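What TrEMBL says about this protein:
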type   : residues : note
REPEAT : 102-135  : repeat 'WD'
REPEAT : 144-187  : repeat 'WD'
REPEAT : 188-229  : repeat 'WD'
REPEAT : 374-407  : repeat 'WD'
REPEAT : 418-452  : repeat 'WD'
REPEAT : 472-505  : repeat 'WD'
REPEAT : 517-558  : repeat 'WD'
REPEAT : 559-600  : repeat 'WD'
REPEAT : 601-633  : repeat 'WD'
DOMAIN : 654-788  : domain 'U3 small nucleolar RNA-associated protein 13 C-terminal'
REGION : 795-820  : region 'Disordered'
C-alpha cells in the first residue's frame with residue numbers, strides 16, 4: 001500500500017450547491033436588476049444574478065403551492081398567493097411574513113401586479129374577478145367584475161395619473177378599467193387565443209400585445225383601437241418594446257421608430273418593425289438546428305437600466321442577453337432532472353460538467369453558476385469522463401453514441417463522435433497519460449477502444465468520426481463501468497454479471513484478458529484503479545466495496561457500511577483512502593489501512609450517481625437523483641489548525657487559572673473555568689474555595705456574583721458531579737447556594753433547568769440512603785467494639801471519649817444487655 005505517514009482526510013464541508021430553484025410559473029426581475037424572483041412549488045426563490053446563487057427564499061407555512069406573486073416597484077414588498085386562497089406580504093430580505101389576509105376570491109389567484117407607486121396591488125382570480133388592494137392602509141379598494149373565466153393577465157398603465165388597469169381573460173379580449181369609476185371603459189378585441197403580454201411605449205400612448213394565436217397587435221390607446229396586426233408565425237409568449245433613443249442597428253433597427261422583440265415557441269428572439277410588419281432581425285441558434293430546437297421560450301423580460309433581455313425557456317432555463325447585439329451573458333438552469341454523472345472540468349477545476357436525465361449536457365462555471373447547455377446527443381446521457389488536462393472530456397448515452405468535447409475560452413463544442421455500439425453506452429473512460437484514446441462499455445456487453453486523431457481540436461467546424469481500434473465481448477451482461485489505469489496500459493471493466501475484469505491495452509487489434517475478480521454477490525456498479533498501488537477497487541449492488549490485488553486477483557479488503565447499492569468508488573489521499581457513494585444518499589470516507597469509515601456525509605435525499613475528486617485532491621463533487629449537485633471542500637487541515645489553536649488556547653487558560661487560584665481570585669477563576677466548559681476544571685475551583693477559612697460564606701458570595709449563563713452552566717455541572725459519590729458533597733453545597741438564594745421562578749428560566757433538577761433527584765436520594773446506611777453501620781461497629789472488651793479490664797476510655805449509644809437502643813440490643 002501507499003505510504004501511511006500522509007495526513008488522512010477526516011472531513012468534507014459543503015463548499016457550494018447547485019439545486020433546483022425554478023419549476024415553472026411567474027418570473028420577475030427586481031427594479032435594481034440585481035435579483036431574479038421565481039416560483040418553485042411552495043417557495044419563491046430569490047436568485048442573485050451576479051453569483052447565480054439563491055440568497056433568499058420565502059415559503060408558505062401551509063406548504064401549499066404558490067400560484068402567483070408580485071414584487072413592488074420599489075423592490076420593498078413581495079406578495080404571494082397560494083392555493084389556500086391566502087395572500088401573504090413579505091419582508092423578503094429577512095424571509096419574514098409581515099402580514100397575511102384572506103383573498104376575497106372564491107378560486108386561486110392567477111395573476112398579480114403592483115402599480116408604479118407600490119401602493120396598489122391588483123389580483124386576478126380564476127373566478128373571473130379582479131380585486132385591488134391598498135397595501136398601505138390594508139383594505140380592498142375595488143372589486144371589478146365583467147370578465148369571463150380566468151384572469152390571465154393584469155397590468156397597470158405606467159402613467160399613474162391615468163388610473164387605468166388592463167386585464168385579459170379566457171375570452172381573449174383586453175379590458176381597460178377606469179379605477180376612478182371602477183368601470184370597464186373599453187374592450188380591445190383582436191386576439192383569438194390567450195393574450196400573453198402587454199408592453200407600453202415611453203409616452204404611454206402605444207401598446208403592443210402578444211398572443212398564442214401567432215400575432216402581435218399595435219394599439220393606439222388614445223383612440224382605443226388597433227393600428228396594425230402583425231403575423232408572427234409562432235405562438236408568442238412575450239413581446240417588449242425596444243427603448244427609444246438607442247442605437248440598435250446591430251439587430252436591424254435602421255430608423256428611430258417603434259420596434260419590438262418577440263419570444264415564443266420557436267425558441268429564438270426576433271425584432272419587428274410594426275410600420276412594415278416585417279421581421280428585421282432573427283436570432284441565430286448555436287449548437288442546435290432550428291428543426292430540432294427544444295428551447296421554446298415562455299417569458300421575455302426587459303432590463304432597461306442595463307439594456308439587457310431575460311428569457312425563460314420551457315426547460316426552466318433563464319438566459320440573459322446584452323443589447324444591442326443580443327450576445328449571451330449568463331444562463332441559469334432552474335431545474336435539472338436526476339443527475340446521472342458529474343465531473344470537474346477546466347485547468348483549475350473551475351467548471352463542472354453534468355449529465356442529467358436528458359439529452360443535453362450542462363457545463364457550470366462554479367464562480368457564477370452560469371451554465372452552458374450542450375446539444376449533441378439525441379437520448380439520455382449516462383456517463384462522463386475527463387482527460388488529464390481537464391479541457392477534453394467524453395460522454396456516452398442511450399443513443400449508442402460516444403462524443404468527445406473540447407473547452408476553449410469557456411466555450412465547449414463537440415469535436416468527435418463514434419457510432420458503433422448496438423445498444424446504449426453506459427460507461428466511458430479517457431486515457432490518462434495523454435488524449436490518445438477513449439474506452440466505452442455498453443449494454444451490448446462489449447468494450448470498445450476508440451483512437452483519437454492528433455488534430456482533434458484543430459478544425460473549428462469539422463466533427464471527426466471515430467472508429468474503434470478494438471472491440472471485445474467483455475461480459476455476459478451489461479457493462480456498467482470501465483476505467484483506464486494511470487499508465488494507459490491496463491483496462492478494467494465491471495458488469496452486471498457480478499464480475500470485474502482486467503484487460504491489457506498493449507495489443508493493436510484486440511484486448512487481452514489478464515484476470516477476473518469474483519466475489520460480489522450482485523452486479524458491480526463501478527471500478528477504479530489505485531493511483532499508486534497495484535490495486536483495484538470495485539463497488540457493488542450487494543452494498544460492499546472490495547479491494548483486489550492485480551497480482552493474483554484476490555480480494556484484499558471488504559468495506560461494509562452502506563445500506564444499499566454502492567454506486568461509485570474513487571481513491572483519494574494518494575490511494576490511502578476511498579470515497580464511496582450509494583443508493584442510500586450517503587457518501588462515505590474510508591481509510592484503507594484501518595478498514596474503517598472515518599466520515600459519513602449526508603447531503604442528498606436519493607441515489608448519489610455522480611462522484612468525482614478534483615485533480616488537486618482538495619475537493620469533490622457529488623450529483624444525486626434528487627437533482628442536487630454539491631461541491632465539497634476538504635476541511636481536514638482547517639480542522640487540524642482549529643484544533644491546535646484550541647489546544648494552545650486551552651493551555652494558556654489553564655495556566656491563567658492556576659495563577660488566579662494562587663492569587664486567591666476565586667471569582668475570576670471560577671468564571672474562567674466555566675468558560676472552558678469542563679466540569680472537572682470547575683470542580684477543582686469549587687474544592688479550592690471550600691478549603692479556605694469561612695468557605696461557606698466565600699462560596700456563597702462567589703457563586704451569586706456569577707452571570708446568569710454561568711449559573712446555568714454551574715447547575716449543569718452539578719448534575720454531572722452528583723452522579724459520583726466522591727464529588728456529590730461539592731455538588732450539594734453548590735445546589736444549596738442556588739436553591740437558597742435564587743428565586744424558583746428565576747431558576748426555572750435557566751436553560752434545561754427542569755431536566756437538570758429531575759436528574760438530581762434520584763442520585764440525591766441514593767446518596768442520602770447510602771449515608772444513612774453508613775451511619776448505622778458505624779454506630780453498630782462501635783457498639784460491638786465496646787461489648788468485645790475483656791470483662792474486668794479497666795477501661796482505657798474516659799467518660800468523655802465513650803460514644804453515646806442511645807441511638808442504638810434497639811430491641812435486640814436490649815436483649816443482649818439482659819443476657820450480660
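Note: Cβ is positioned from N, Cα and C throughout, glycine not excepted.
All TrEMBL annotations are machine predictions without curation.
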PLDDT averaged over every residue in the repeat 'WD' (144-187)
92
Secondary structure composition of the repeat 'WD' (144-187) [DSSP: H/G/I, E/B, coil]
3 helix, 20 strand, 21 coil
For the repeat 'WD' (418-452), residues assigned helix / strand / coil by DSSP
0 helix, 20 strand, 15 coil
Count the CB pairs under 8 A between the repeat 'WD' (102-135) and each of 144-187, 188-229, 374-407, 517-558, 601-633, then give me the winner.
144-187
Using DSSP, how many residues in the repeat 'WD' (601-633) fall into helix, strand and coil?
0 helix, 19 strand, 14 coil
Given a Cβ distance threshold of under 8 angstroms, which distant residues of the chain, six or more beyond its ends, lie next to the repeat 'WD' (601-633)?
12-20, 335-344, 349, 352, 354-356, 364, 366, 388, 390, 565, 567-570, 572-574, 579-583, 585-589
Long-range Cβ contacts under 8 Å made by the repeat 'WD' (144-187), restricted to residues 6 or more beyond its ends, are 110-117, 120, 122-126, 128-132, 193-198, 200, 204, 207, 209, 211, 213, 219, 224
